[in-house]
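To start, the structure itself, in C-alpha cells.
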2 protein chains.
Amino acid sequence: MPEFELPLGFRFGGVACGIKASGRPDVSLIACDQAVSAAGVYTQNQIVAAPVVLSRSRTPSASIRAVVTNSGNANACTGGQGDQDAAEMCRLVAAQVGCSEEEVLVMSTGIIGRHLPMERVEAGIASAAEKLGDSVDHFSAAAAAILTTDKSPKTAHRTVELDGQQVRISAMAKGAGMIAPNMATMLGVVMTDAAIAPQQLQALLSSAADVSFNRVSVDGHTSTNDTVLALASGKSGIEITPERADVFRETLTEVCVELARELVADGEGAQHVMKIHVGGAGSDHDADGIARAIGESPLVKTAITGGDPNWGRIVSAAGYAGFQITPAQTTLRICGTKIFENGTPIAYDAASLSQTMKATPEIDIELIVGSGSGEATRWASDLTCEYVRFNSEYTT
Amino acid sequence: MPEFELPLGFRFGGVACGIKASGRPDVSLIACDQAVSAAGVYTQNQIVAAPVVLSRSRTPSASIRAVVTNSGNANACTGGQGDQDAAEMCRLVAAQVGCSEEEVLVMSTGIIGRHLPMERVEAGIASAAEKLGDSVDHFSAAAAAILTTDKSPKTAHRTVELDGQQVRISAMAKGAGMIAPNMATMLGVVMTDAAIAPQQLQALLSSAADVSFNRVSVDGHTSTNDTVLALASGKSGIEITPERADVFRETLTEVCVELARELVADGEGAQHVMKIHVGGAGSDHDADGIARAIGESPLVKTAITGGDPNWGRIVSAAGYAGFQITPAQTTLRICGTKIFENGTPIAYDAASLSQTMKATPEIDIELIVGSGSGEATRWASDLTCEYVRFNSEYTT
C-alpha cells in the first residue's frame, strides 16, 4: 500500500503506440477534472523543439485541462511540420478530454530531427484517454511513458500540512543524458491539489527549479526540449495564501531536489553522484559557478569514478571557473575528511578515504574558497566508460 | 639529415635525474649564448604554480640567458617552500651558465602538491648543463625532457625569408591532458634567431597564442602551470622591423598552430581531432565561444568517437553556448558533406559519411550560425574510454 496520496483532481494514462521501436510506453496523458493553474520552466537553448514553443506560449495559465507527452521522438529541428504536429497533438487531446486545444500543454523527448509518426500518436492519445484513472497504478503508467534512456521512473510525493489541513504534491520526471544546468534534457510535471494563482505558481516553480533542476549536471549539454510544468487543481480546497507560501515552497523544492538527484543518479553510466557545496564565495552566483566548473570537469568526474580524493583537480577547477577565489583561504573536504586547508594539502589517510569514496553512492565535496558569504550546492554525476560507450554507440 | 636549421644562439640539454619514478628524462635546459629578448603567456587559472609566478614576473625581458624545465612534478600548491624551490632552480642554472638568477626562466609540469626533490633537481641541472649543445640531437633531448603523459615529443621548425635573408624559428611543447583553452596544461618554448624587442616579441607571441594554444581543448580543464615562452636571440642579424612583422607573425602563428594541433592529437585517449570552424556569428568572439561549446560537449565528443554525424548534438551545443545564433540560417557540414541546412536536417548518405569520419584523423566540422561576419577555428579531441580509464586510474 502506498504511503502517499495523489493530489485530487488529476487522472493519468500511459500507453505504447509504436513511436519507440522497442515497444515500450511512449504516450503519457495527464487530464485535469476541471481547469487548473499551470506554470512552466523551459530550456534556455536557442534551438527549441516545437512542443517547447507551444507550451511556453501557454504558461502561466489559469485554465489548463491536460498535459500530453510523447517519448521516443523529440519533435525538434522539424520545421513547420513539427509545429503543426505539436498543435495537432493538443487538438487530439482536446477532442478526447473535452476542452479547447489552448488548454492542452505538450512535451516531447527522444530522437531529434525526425517527424512524429502522427497516425501512431493519434491512436496512442485515444488509447491513453480511454485508460485514464486516478490510482497509483495509473500515475505509474503515465510516469513510465515519458522515459527514454532512464533506467527507472523518477517520482516524488509529499503531503504539506497547512493550518491543520493537507495538500498533496506528486511529481514525475525523466532524464538521464544531455543533462545540464538551466534545464537538463529532462521533462517533469509537478501536480498539487492546493489552490494557487497562475503567477504565484510560476514564481514558486521557478524558485524551486533554480535550486534543483538547474543545479544538476551529467554532461553539461543543455537539450532542446527541457520542460518542467506545474499544475495546481485547487481540489483540496486549501489556498496557498502569502502566509502559507513559505511552507509550501519548501516542500515543493524538496520534491524538485529529490527528482533532480534521481536524474543525476540515473545519469548515463553514472556510478556516483557528487554533491558539491561551495562556500566562502563573493556571492551565491559565484559559488554556483565554481560548483558548476567542478561538476563539469572531466578530470574531476573521472577522479570520482576512480575513488581518488584528487584535490588538485578540484581546486584547479575552482581556479579557472571565472569567479574570484582566495587560494590562501581555500579548504576542501571530501566525504567529511579535510584534505586541503588554506591553500595547502594536508596529511590524511588516503587509502581509507578512497575506500569510503568507492563505497559511497553520493560523495560530499565541500569547498571553501574565501571568507565571503556566497554559497551554493550542485549535483553532478561522475564519468565512466559506460557513458562513453553508450554515447558513442547510440546514434540519432 | 634534418630539413631544417635550428635558430642560432641556443644550446640544449635534457637528462633524467629521478624526479620521475619511470626514469624518463625530467630536466630540460635551454641556454642562450648571450642575453635574448623573452616573452611569455601563462595560465589564467587563479591557482598558479610557483614557477609561473616567478617566470611571469620576469617577462617580457631584454635579458634572459636560460630556461629550465622539470617534468614529473608541477611545484604547484606547494606554498612558500615551492616559491623557494623555483627560485633555487634559477640560481642553480645561473651558476652553471654564468648569469644572474633574474636572467633565468623556469617551468614545471607533473604532480601537484608535492615538494620538488631538490637534491635530484640540483644534480639534474648540473648534468644538463654539462651536456649542452646546439645539434638537433641536443634539441631533441631537451624536447623529450619536458614531456609527461605525452605519447611523443611535439616540435615544429620553420624558416622565414625576409628581404632575401633567413631567420629560423624552432619550438617544442608538451601536453596531453588537462588541456583547455586559455592555456592548456601545456608548456612550450618558441625560439628564433631574429632580432625582436621584448615588447614586440610579447605582442607577437600573444597574438599567435590566441589563435593556437588558446584554441585547443582536450578536457576543458585549465591547469595551474601552463606557460609558453618565446626567446629571440638576434643571432641571424635580421631585425623584425614593423614592415617585416606580418610575415614573421604568420610563420610564428603557423608554428604555434602546428604544436597546438599536436597537443590535441596526442590528447589522452584521443582517436580523432575535431577542427571546428564556426562562421556567420555576430563577432569572432561569439564564433569562438560557439566553437568552444561544441568542442567541449561530451555528447559531441563521443559522437565523433563513434563516427556518428550527429548534427543534433552539434547544433544544440551551438544553441546553448550563450551567443546569438539564427536557427533558420544554421547550416552544418561534416568532412565537407552538408547534413543540416537552414535549420533543417537534409538527406545525405549517412553510412558513407560515417565511414569517412572513422577513417579521418582530423574531422572538419563547419557550422554557419547566421549571416554575421564573425568566425573562428578551434581544435578539440574526441572522448574515449581510454581517456576515462587513464584519468580514473591515474592518481595525484
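All positions are counted from 1 along the displayed chain.
Cβ from N, Cα, C; glycine included.
Note that the structure is predicted; figures quoted are calculated from it, not measured.
Database features (TrEMBL):
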- A:Thr148, A:Lys174, A:Thr185, A:Glu268, A:Asn391, A:Thr396: substrate binding site (BINDING)
- A:Thr185: active site, nucleophile (ACT_SITE)
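Looking at A:Thr148, A:Asn391, the binding-site residues in this record, the fewest other C-beta atoms within 10 angstroms of the C-beta turn up around A:Thr148. In sequence order, the binding-site residues near chain B, meaning those of A:Thr148, A:Lys174, A:Glu268, A:Asn391 whose CB lies under 8 Å from a CB of that chain, are A:Asn391. Its Cβ placed at the centre, A:Lys174 (substrate binding site) has 28 other Cβ atoms within 10 Å.
Under the three-state DSSP scheme, A:Asn391 (substrate binding site) falls in the helix class. Summarising the environment of A:Glu268 (substrate binding site), the number of other Cβ atoms within 10 Å of its Cβ, over all protein chains shown, is 26.
For the recorded site, A:Lys174 (substrate binding site), the DSSP three-state label reads strand.
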